[in-house]
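**Student:** In case it helps, Swiss-Prot gives these features for our protein:
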- 22-240: topological domain 'Extracellular' (TOPO_DOM)
- 22-84: domain 'Sushi 1' (DOMAIN)
- Cys24-Cys67: disulfide bond (DISULFID)
- Cys49-Cys80: disulfide bond (DISULFID)
- Cys51-Cys82: disulfide bond (DISULFID)
- Asn70: N-linked glycosylation site (CARBOHYD)
- 87-109: region 'Disordered' (REGION)
- 87-98: compositional bias 'Polar residues' (COMPBIAS)
- Asn89: N-linked glycosylation site (CARBOHYD)
- 123-186: domain 'Sushi 2' (DOMAIN)
- Cys125-Cys168: disulfide bond (DISULFID)
- Cys152-Cys184: disulfide bond (DISULFID)
- 186-213: region 'Disordered' (REGION)
- 241-259: transmembrane segment (TRANSMEM)
- 260-272: topological domain 'Cytoplasmic' (TOPO_DOM)
Amino acid sequence: MDPYLLMWGLLTFITVPGCQAELCDDDPPKITHATFKAVAYKEGTMLNCECKRGFRRIKSGSPYMLCTGNSSHSSWDNQCQCTSSAARNTTKQVTPQPEEQKERKTTEMQSQMQLADQVSLPGHCREPPPWENEATERIYHFVVGQMVYYQCVQGYRALHRGPAESICKMTHGKTRWTQPQLICTGETEPSQFPGEEEPQASPDGLPESETSRLVTTTDFRIQTEVAATMETFIFTTEYQVAVAGCVFLLISVLLLSGLTWQRRQRKNRRTI
């Protein structure tokens, strides 16, 4: 075998895992009467540039936004732009419907609150800014190590039996999301788990879908600490695996060298 190819394979094998962003194969798990939200997005996360009905992405525009950066600063690359699907009516002024106006105001309010609550994390991007004529639902492509948090929708209360978050992990070469331990029950229904009910802060005056996504500043600090702890643990485990692999290779090389030396000694004795 070519020694250069052997050296390349060896270096590839002992490279510490996690240096390259691995996309998660599936979406985060779904919980009945609950929605999930990412407080910050790891580098490598992609967001589809989706437009609402009657609009389409411009031909020269990128199909997605990408969270990229370095150890000191991360931001979203590319910009999503939507244009009217009807080329003939481009000069016609379209009056937005009341629902669209309400949705736009809600999105702007949500973006402002998120920018105020969020703290910059190394290797993470904030919530992507909204763009004109954006689709109602955002489609993300998360990477390994991403953490999302769950919250019951308006009209339901949370019964916690464990962590209410999910993390995308790499296990045996495959990605999987941990299962969040959250149960949402109607506010009028009796609790089946005494002592496990936890109150939820839901600002009045916001639609159900938007209210369920908001995260308070206090919750964000706690979640940030949990996220940092989990990421440190994941990195430490992967690093230990890499070190163990290096030690194994070193021992193998030493054993092979020893066996080769013994064979040479035996041949020399026979020759003598």
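Think of each number as a place in line: the chain as shown, counted from 1.
Glycine is no exception: its Cβ is also placed from the backbone N, Cα and C atoms.
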**Student:** Near Cys80 (disulfide bond), meaning Cα within 10 Å, which of Cys51, Cys125, Cys184 (disulfide-bonded residues)?
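**Tutor:** Cα filter at 10 Å returns Cys51.
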**Student:** Of the disulfide-bonded residues Cys24, Cys51, Cys125, which one sits closest to Cys184 (disulfide bond) when you measure Cα to Cα?
**Tutor:** Cys24
**Student:** Using Cα-Cα distances with a 10 Å cut-off, which of the recorded positions Asn70, Cys82, Cys125, Cys152, Cys168 are near Cys24 (disulfide bond)?
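**Tutor:** Checking Cα-Cα distances against Cys24 (disulfide bond), the recorded positions within 10 Å turn out to be Cys168.
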**Student:** Name, in the order they occur in the sequence, the residues of the same chain whose CB lies under 8 A from the CB of Cys49 (disulfide bond) and which sit 6 or more residues away.
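**Tutor:** Looking at Cβ-Cβ distances below 8 Å from Cys49 (disulfide bond), excluding near sequence neighbours, one finds Arg57, Gly61, Ser62, Pro63, Tyr64, Met65, Asn78, Cys80, Gln81, Cys82, Trp131.
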**Student:** About how far apart, in whole Å, are the alpha carbons (Cα) of Cys152 (disulfide bond) and Cys168 (disulfide bond)?
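**Tutor:** Distance between the two Cα atoms comes out at 21 Å.
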**Student:** How many helix, strand and coil residues does the domain 'Sushi 1' (22-84) contain under DSSP?
**Tutor:** 0 helix, 27 strand, 36 coil
**Student:** Would you list, in sequence order, the disulfide-bonded residues among Cys51, Cys125, Cys168 whose CA lies within 10 Å of the CA of Cys67 (disulfide bond)?
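**Tutor:** Checking each Cα against Cys67 (disulfide bond), the hits are Cys125.
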**Student:** If you run the three-state DSSP split on Cys152 (disulfide bond), which class comes out?
**Tutor:** strand
**Student:** What is the nearest of the disulfide-bonded residues Cys51, Cys125, Cys168 to Asn70 (N-linked glycosylation site), using the Cα of each?
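**Tutor:** Its closest listed neighbour, by Cα, is Cys125.
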**Student:** Taking a Cβ cut-off under 8 Å, which residues six or more beyond the ends of the topological domain 'Cytoplasmic' (260-272) line up next to it in the same chain?
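**Tutor:** For the topological domain 'Cytoplasmic' (260-272), the list is empty: none.
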